[in-house]
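Let me begin by presenting the structure, written as structure tokens, before commenting on it.
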Amino acid sequence: MASASRARPNHSAANTTTSSLGLVEYLDSLPAPALILKSNDNTSHETILHVNPSLYSITRSTLDSKTLDVEGAPLADLLRVDNPNNMEDWLRHAMHVGSSITPFRTGLVFSSNLENGNAQSPRERLEVDWTAVVMQSTFVVLTGQVVGQNTNSHRELLIPPVQQQRKELLDRNSHTLAGPSDLHNGRWTEIDRLVGLLTGGGIMGDILRNFDWASSPLGPITTWPQSLLTALSLMLGSPSPMSIWWGPQFVLFYNDAYIPVTFGKHPWIYGKPGSEGWSEIWEELLPAALTTVEGKGSFNPEDLLFMTRRGFTEETYHTWSYVPIRQEDGTVGGLLNPTTECTGQVLLARRMKTLRDYSVLAGQTKTATEFLAIAADMLTASKKDISFALIYTGAVDHSDSASLHSAASVSSQGNMGEGTQSYVLTLCEAVGIPRGHEAAPETVSVDLSSKLKDSHIWPFQEVCRQRIAIETANAGFVEGIPGRGWDDPSRTVVTCPIIASDADEMRGILVFGTSGRLAYDDNFKSFVELFTRQTAASISAAVAYEDEVKRAQALAAIDRTKTAFFSSVSHELRTPLTLILGPLEEMISDRVNAATPLQLQRLSLISRNAKRLLKLVNSLLDFSRLEAGRMQASFKETNVAAFTRDLASVFRSAVEKGGVEYLVECDEDRKAYVDRDMWEKIVFNLIGNAFKFTLRGRIKVSVRHSGDKAGLVFAVEDTGTGIPSSEVNRVFERFHRVEGQTGRSYEGSGIGLALTDELVKLHGGTVKVTSELGKGSVFSVTIPYGTAHLPPDMVSSDDGGTGIDVEVTPPRSYGAAVVEEARYWLSTSSEDDSTDNGSIAESSDSSLTPGRSMPMTTRGCRVLLADDNADMRKYVKMFLSTWWNVVEAKDGQHALNMILTNPPDIVVSDVMMPILDGFGLLKALRSNPATKSLPFILLSARAGEEARVDGLRMGADDYLVKPFSAKELVARVHSHLEMSRLRVELEQRVKERTQELAESEWRYKAMATMSPVGIYKTNRVGHLTFANDKWWEISMHNRLSDPIGARYIESVHPDDRERVQDGWAMALRTSSWSCEFRWQSQKTGVIHHALSETITELDEAGNIVGLIGTLTDLTERKRLEKEKMDALEIAEKYQRRRAEEAESVRRQQELFIDMTCHELRNPLNGIYHNADLIHESLEKVQSEVNVIKKAVSFCNRTSDDAESARIGKSLTRINSDILQSIEAVETINQCAQHQKNIADDVLQVSKISMNLLRLSRVDYQPRQEIQSVVRMFETEANAKQINLELTVQPGFEMMGVDWVRGDPKRLAQIMINLLSNAIRFTERMESRNVTVTLDATATPPTMPAQAYADTSSSRSGSVHGSEDGDTERRIDGLWGRTSPSISSSNSDGHLQALQRAESTSGGTHETQKASPGTSAYICISISDSGVGMTLEEQALIFRRFSTSPKTYGEFGGSGLGLFISKRLVELQGGQIGVESTSGVGTTFKFYVRTEMRDSPPPGSVTGGKSPAPSRSDPIGYNGGTRASMSMLSRRRSSHADGPVPSLALPHSVSQEPATSHEEPQPQTPPPPPPPSEDKIMVLIVEDNVVNQKVLKRQLETAGYNTRIANHGGEALALLQRQSTDAPETPVFFDVILMDIEMPVMDGLQCATRIRATEKELTAIDTTSYAPSARVPIIAVTGNARKEYLHKAMEVGMDDFMVKPYIKKELVNKIEQLVSARRSVRVTG
């Protein structure tokens, strides 16, 4: 197996994820095939993580690594399944319940080189039954049993090397699997009975057989009772979840199906006592267990148990029971525990009930406000699932009163609609969170146009944009809200859009805080999604209902207004109609003054249409009475069948004349109470409607019993045109007409059927219609028998004295009008027409003719008259036939057929006609080229300008509104006939002229065709009047579909269209125009570049009539230009990529250097402090040696003892060795200091390069700051016999510089760098002078430019330049100004410039004292008499790492100090320069810009005042350590012959200056109280062993007690053991020294945990101090970045020290913090 392990790929993921389960080694030891799967939530595919050797041996012919590629592959690469969906369902079910209920059989996929030949081998015919067990919710273990093979034959399939490897693995992992059974379980495998009982059981069977039972409370297996063995055999063989609790401690056994119940506790819980394994629910389980031990079983259905198996307290439900297992002596030895987890079912039932109740209650609401209250109530009731909830409604912020009914919400594409930028959310309901809480803002404005990160409490912006639910971890402020249900705060918050489907608009947002005791799994997600969808649907329904109510109310108001209007108009019309009909009837019936036949015909026409108008007015009045409730009925018992038969007979002649079969089946007596006038209207309306739309076939009228014999049914059935299904439900609406229906007439008001419906309702009946388009309709009226359904006051028993059998003789007035109207729907016979026309012609007089002066040019023309009204046709034909031949058409289709057969000269048509109306006829004629120019006059009852414009727009030549004058119609017909004749003549002339022009144009086109450029000509509109073939070729415009180029702009490139259109307009205003643009083919997308040039074409009057232009193809030229530009772009991209790569390399190098410098600090800390310990030890030894030496000297003086003399000499040698050792220690410190300087410089350069360096702005005194720095070097200068002087120039005094604002620490850092260099390069010279000059000016002094090495052979020169040697610009970094530097190319000029710069301070313009707020330039020069520099060295002096090999070997240095100084000067708005002569000396001069400030009041504290670099500052300035190097020399000179003083570490510095607003400030403790006699206990948390030992020894030497922790985790453990509940004596810590970067748990995490749990911990010395006093924490770190120190202070640390630190400073901090802490007790 060792070789297999080496060959197998390293699947760290599988080993890592399953190592906690202890399964990898176990599965590898199994002889049966097994594997581990990783289930992916996002897909339906499972990934193989691990395959055991047995399965490899079956499917692979060799263990060569090339064939072991199945791990990490899909499951289908290993298992052969006929139907993959079945296996997916099987795996998903196992994932849901925790294990598989039944095995699943699959084949195996074998290696291709395993067998030779085509026949299947026994190996390839193998099938495996798999069992699945879920581990940790995402991992599935499959163990298989080979089908049809016994154990031996299966083992024969193993590859021999694999068999050996399995044996080796079992031997190697025997202890891992709790040891072989032979060693721990009393060699039970040799007992056949035990082997038989404990066989099988899957995973848990193997674990049981390999468990170390000998060390458990149950003892070896051989000692177990038979009752236990039998129960175990039963449990292991059960497919249901089952466990056994055995013995007094209730030790737990369980089978494979029980594993999902344990979840994350498996397999740890196996073999554990119940009180330990299920400690969280043991209080609930123990009583039932004790009862069962007494022999009484228990059963608990859907028992609520709060388990801790996923890392939190979980709400679970289980149906379980305890069955006592009796031992051989009759006592109960244990419990059999069958259990089924039903958490999913209980939660599903609970949530489904919530959703059902929610749906029912939501359906009862009518408004959105009511529904939102219901939603809040449901969420309040769901406290076990929902901890808190917020309901927001949303609206687009487009008005001052956005509401839920806003027209625009978030659309399905995720935006707010065109131009929408803001979406306003309004809180409507809050559950579990009080109103006004920060987690429940009342209004939220979501800016969807912003790309910034969501700044709201909840992810509103992301939800609105993506329209999906977003899960977020619980925010900190929600923890303060008590959870509902179980009082646990929510762990997951889900923000959901209220949207029913992807296509719907978003109505708002729901925020759910899920229960803290439930996992937010797929079932929970489904519940939240269903609740949200129900909310969205209900809100939409409520809003739609409210809108529908408003629409219905508006329509009802309109209907009432319309009815009132028609009622008023109809009433006013009855009076004039009465006065019209009365005289008409008298004139017609007057025999004395009889009218002529023509007059009688006209009077009859008037009378007939007046009666039709009266019928319409009566119908409107009936509607008015019905609407007002004033319709009075008189219901009398009537033989409805006979009455209906008589009414229907009135229609017979008209129907049969129309060619329709008419059947009336009303023979039987059918008596009912009806109002006879109303019934007449019902019958005539339905029969008349049937006749109107039935052109052939039959009409059947019948009266019969209803199906339940409770009433009668009057039905009218026809075979007419039928009604479209979409219109059936609207036929009884008032004024509604079905458009496009074929009928005898298009006339009608649309109120007949509506009136019928209302009249039937007055009878207590109903009217229904069934219809099929093209086959006919059936109208059925049902009237109940009796009078119970009628108002009693309207029922009359009086039959009028004629009995109930009513005869209709003659027809009533309403029926007569309907029948008369129906007769005129029929076409009159030709004989009648000829008679009428003859009489009309003969009787024509002057009143009928248009006039004797009518021109006769159009006489005899043919006029087609189309109208569905016979009276109208007769009337119009009567006066048109005087002049022209008139033919009639009864509808538009008839007219169209006549026109196509024999075209007339003019058409006069009505608009509203059946089959094909007037507009349809006009459209058909205009679309036909043969009839396109046919004159067409429309006649219509639609009046008004809009109607006239519509008709003319449709193509009509004229439009007359009824009623019209006969003379006007005749005149218009004549006019259009005349214009038509003239148009024909004109067209003929145009045709002849066109022929002449065509011949001329042909010649012109022939010339244009030969042109190499496109030539075209257009009119003013832009339509082409000519274009040669070249133009079409270049433009690629579709010549066939647009021959005149009217849509040429469509072929112009979209980006150029606007420019071309503007250019076209300009071309019409100028004499010439040119434009370069692109054409793009609409078919192929090919682009042509072209140049168009035009000139205007003028007519004889000088007016522009069009353009003449040329089109030149520029495509080839543009292609060449593009190739050139592409080449340049490629070169530019290459250069840019090279620059980016160089920048990336530079940043990586700087980050590496930064990290390296940080890592150097830790070992340097150990070097410093070990050297300090050695130094202290040497001092003590030296002191003891001196004492002994004095004693020996005394003995020598009192006696001449040779031995004493020898001892004295030895002591002298020892003292000399000690001094040498001290020198060696100092050398170590010097080397370490040098190393630290390099690290600090490199880190400083890194921060400068990455723009991380920041300046402070504080008030300080520059003179005191410079004096402090100079004093820092006085001792070292004296020791090296260097004359160090400070000179203040008069200009400084005259400007009155005292207090200024700037960065004193950065100024001191520059000074220290320059002074360190000056002393280092001067100490070996004979003349040793260093002079510091301080000056000030009101204007920037002129600094010399850089002198290049090749400009002069002189060895003297000056330099002021940048790192790359170029002349720089002075940068006022703090004030943002720039000014050019003054260049100088020689050293003499540079020296003079320096002198001028120094002398300007004494000039007259600088003598005035500067006022506060003005700029002051602090000028400092440092001159030395050192070795000097050459021009070549000066040119490189300010560059990084610019030291020459000679200089470095002789004087040392990293070559970064001056580079850093230059950058710091520039950041402060100044410049720096150098002047040097080799062998003579060097002068550095620089200035910085500051701001003059007023002196602070006496006694005030100024934050910027720092007269000397403070040793307590953890963040100082680079170069401070250089000054401290002089301490070593001082020690050499001070203790050469005496005791060595204590070796103090150099000043602790960092790369970053302190700033008043950015840098973390340590908490300043109060003054310490009197020292306590108690020793201070210090907890040292440090992972570096060297630093542990050094710090421990230093602190114990200082008198402290210490304890060590290797990381934050150990520190927390030590603090927890301080609890008074701990068994050992507690140890109380006064202060903690905490490293920041540590393994396991770093210092920041540990400090956070300490502060968070400090209230719960009682380890803060409750005997001496107040429990509320916090334990001080000091960060001790090698990382001096202010970001780290910021973080340290934020998480609760009290102070910090940067490695390498000074022991004395650390001790001072400890004393201060402990004293401050102990003072809490005193003040308390």
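From the backbone N, Cα and C atoms, a Cβ is placed for every residue, glycine too.
Lifted from TrEMBL, the feature list:
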| type | residues | note |
| --- | --- | --- |
| DOMAIN | 568-787 | domain 'Histidine kinase' |
| REGION | 827-855 | region 'Disordered' |
| DOMAIN | 862-977 | domain 'Response regulatory' |
| MOD_RES | Asp910 | 4-aspartylphosphate |
| DOMAIN | 1073-1126 | domain 'PAC' |
| COILED | 1111-1151 | coiled coil |
| DOMAIN | 1155-1492 | domain 'Histidine kinase' |
| REGION | 1332-1412 | region 'Disordered' |
| COMPBIAS | 1336-1360 | compositional bias 'Low complexity' |
| REGION | 1490-1574 | region 'Disordered' |
| DOMAIN | 1577-1714 | domain 'Response regulatory' |
| MOD_RES | Asp1635 | 4-aspartylphosphate |
Next item on the list: Can you grab the distance from Asp910 (4-aspartylphosphate) over to Asp1635 (4-aspartylphosphate)? Cα atoms, rounded to a whole Å.
Entry: 102
Notebook entry, point to check: In the same chain, which residue numbers or ranges, 6 or more beyond the ends of the coiled coil (1111-1151), come under 8 angstroms Cβ to Cβ?
Noted result: 1013-1016, 1030-1031, 1034-1035, 1076, 1087-1093, 1245-1246, 1249-1250
Check: Across all chains shown, how many C-beta atoms besides its own are within 10 angstroms of the C-beta of Asp910 (4-aspartylphosphate)?
Finding: 27
Next item on the list: By DSSP assignment, list the helix, strand and coil residue numbers for the domain 'PAC' (1073-1126), in that order.
Entry: 12 helix, 30 strand, 12 coil
Item checked: Across the domain 'Response regulatory' (1577-1714), average pLDDT on the 0 to 100 scale -> 78
Notebook entry, point to check: So, by DSSP, how many helix, strand and coil residues make up the domain 'Response regulatory' (862-977)?
Noted result: 54 helix, 24 strand, 38 coil
Item checked: Neighbour count (Cβ, 10 Å) for Asp1635 (4-aspartylphosphate) -> 26
